[in-house]
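Below: the structure, in structure tokens.
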Amino acid sequence: MQPKSLTLPPALTLFPYLKPPHKTLIFHQIIVLLVTFFAYASFHASRKPPSIVKSVLGPEIQKNSTTTHLNSPSIQPNDTPIDTGWAPFNDSQGTHRLGELDLAFLASYSIGMYFSGHFGDRIDLRLFLVFGMLGSGLFTIIFGLGYWLNVHVLGFYVGVQILCGLFQSIGWPCVVAIVGNWFGKAKRGLIMGVWSSHTSVGNIIGSVVASAVLGFGWGWSFVVPGFLVIFVGVFVFLFLVVNPEDVGFESPGKEVEMNVEVDCVENGGKVESEEAGLLQSNNSDSLGAIGFLEAWRLPGVAPFAFCLFFSKLVAYTFLYWLPFYIRHTAVAGVHLSHKSAGILSTIFDVGGVCGGILAGYISDQIEARAVTSIIFLSLSIPVLVLYRVYGSVTMYINIALMFLSGLLVNGPYSLITTAVAADLGTQSVIEGNSRALATVTAIIDGTGSVGAALGPLLAGYISTRGWNSVFFMLISSIFFAAMFLVRIAKSEIKSKLSGGK
């Protein structure tokens, strides 16, 4: 388990009645869920502004053009430009540079994720999380200051995004490890499915806030979310309790509830005795943090990590480019405004909230995470095809298909980054050593973040050739994501047919 926190949160010191026996375990579990929910929602709210301002910063589009991509020869001379952009993103290479900006953030985020998980298993998670939130808020604000300082140097924006990505990488391993400390495996899929909606809720908040203030200048779209992260960070510092033991409760992780978890996540059989012995001996001390390479060797970690690589590639392409796509694609023959495009894109995230909850609930009911993920991924392919072909026909069709796309794309993404990561990080082969949780979470989400870095970058380059090519990339990625889980899904089905759990 995590080492005991250096200090109790100030709120519990100032208000003793918040501690046992005045408050129950359930009360504290709810508080932990709420605090970590808003903490990570604020992280995602501060990631959303780049996608909202893309259509303002990027190359100009034409009012009368019905083309779905830029710089098309079909644009007639008498078309009137309605966007002039912001140098250095407003020329013919603008979409490339915007994609490179996403790469700068996401590449540093994915690299930082591995180190954050390693450190998170060894230091006070509350202070580490607050440190990440304050840094993220600060550099989000600094990016927005480029508007008032009239900065047109690409290196400035790239540098800020790199530093912001490093601080953002601290968030996920911390919040997952903390929630994993407070909750056992029972109904973990549903609980974490509801809790993981913070990603989509944060995206919605970020989209609405950034779109609402965009008219005052694109800098405000960064400054307001930046201050939001800092404000929530202060709240986390005051109230978040990392471990149940810190306030006198017994950890749910001590429950004997695992029925050889490996049977459901690797090959339907028992772990080879040599591997189990090695891992168990290395973790005989419950306070000993698991090694990075050892965590990779845990059953199921690599397949789910590579599945998330492709799943997150798709999810983050939508996260960073959907408002831009909506802005540059006429719906019922009409191009939407920047604000309308940003707000409309939240429908994808509303679907994501439902998808995360639904995937978690279904996986709990059938006790098969991989099978659930494959079902969602398979259904998302035809829905994305329909959205590309028919999404521009009417606004109602656009909204319906965007909602379904968000539900099916974000369902497995949310499931893998929460319940699956928690399952794999607390499986019986490591004897309940919850200090492996942040490391396993970092490996899975860090690998997924590499895909998240590539997706928006590729979209920036491929979109100049037409959006059909972008959707082909997304559909191909979903196919590969599902393929990585086929072996585990077969094991889960085999286990069910044989009467095992």
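Placement of Cβ uses the backbone N, Cα and C atoms for every residue, glycine included.
Unlike curated records, TrEMBL annotations are generated automatically.
Copied from TrEMBL, the annotated features are:
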| type | residues | note |
| --- | --- | --- |
| TRANSMEM | 25-43 | transmembrane segment |
| DOMAIN | 25-494 | domain 'Major facilitator superfamily (MFS) profile' |
| TRANSMEM | 127-149 | transmembrane segment |
| TRANSMEM | 155-183 | transmembrane segment |
| TRANSMEM | 195-216 | transmembrane segment |
| TRANSMEM | 222-242 | transmembrane segment |
| TRANSMEM | 301-322 | transmembrane segment |
| TRANSMEM | 342-363 | transmembrane segment |
| TRANSMEM | 370-390 | transmembrane segment |
| TRANSMEM | 396-424 | transmembrane segment |
| TRANSMEM | 436-458 | transmembrane segment |
| TRANSMEM | 470-489 | transmembrane segment |
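Long-range neighbours of the transmembrane segment (25-43) within the same chain, counting only residues 6 or more positions beyond its ends whose Cβ lies under 8 Å from a Cβ of the stretch, are 129, 133, 136, 168, 171-172, 175, 178-179, 182-183, 191, 195, 198-199, 201-202, 205, 225, 228-229, 231-233, 235-236, 239-241, 244, 247, 249. Under 8 Å from some Cβ of the transmembrane segment (370-390) lie the Cβ atoms of residues 265, 304, 307, 311, 355, 359, 362-363, 397-398, 401-402, 404-405, 408-409, 411-412, 415-416, 467-468, 471, 474-475, 478-479, 481-482, 485-486, 488-489, 491-493, all in the same chain and six or more residues away from its ends. In this chain, the transmembrane segment (127-149) lies close to the transmembrane segment (222-242): three or more C-beta pairs between them fall below 8 angstroms, excluding pairs fewer than 6 positions apart. Residues 172, 176, 179-180, 183, 185, 188-189, 192-193, 195-197, 199-200, 261, 265, 298-301, 304, 307-308, 311-312, 314-315, 318, 331, 344-345, 347-352, 354-356, 358-360, 363, 369, 372-373, 376-377, 379-380, 383-384, 386-387, 390, 437, 440-441, 444-445, 448, 478, 481 of the same chain sit 6 or more residues outside the transmembrane segment (396-424) yet have a Cβ under 8 Å from a Cβ within it.
Most Cβ pairs under 8 Å to the transmembrane segment (195-216), among the stretches 301-322, 342-363, 436-458, belong to 342-363. Per-residue pLDDT, averaged along the domain 'Major facilitator superfamily (MFS) profile' (25-494), amounts to 81 for this model. Sequence-remote contacts of a segment are chain residues at least 6 beyond its ends whose Cβ falls under 8 Å from one of its Cβ atoms, and for the transmembrane segment (301-322) they are 47-48, 50-51, 54, 102, 106, 203, 265, 295, 345, 348, 370, 373, 377, 405-406, 409-410, 412-413, 416-417, 420-421, 424, 440, 443-445, 447-456, 458-460, 463, 470, 473-474, 477-478, 480-482, 484-485, 487-488.
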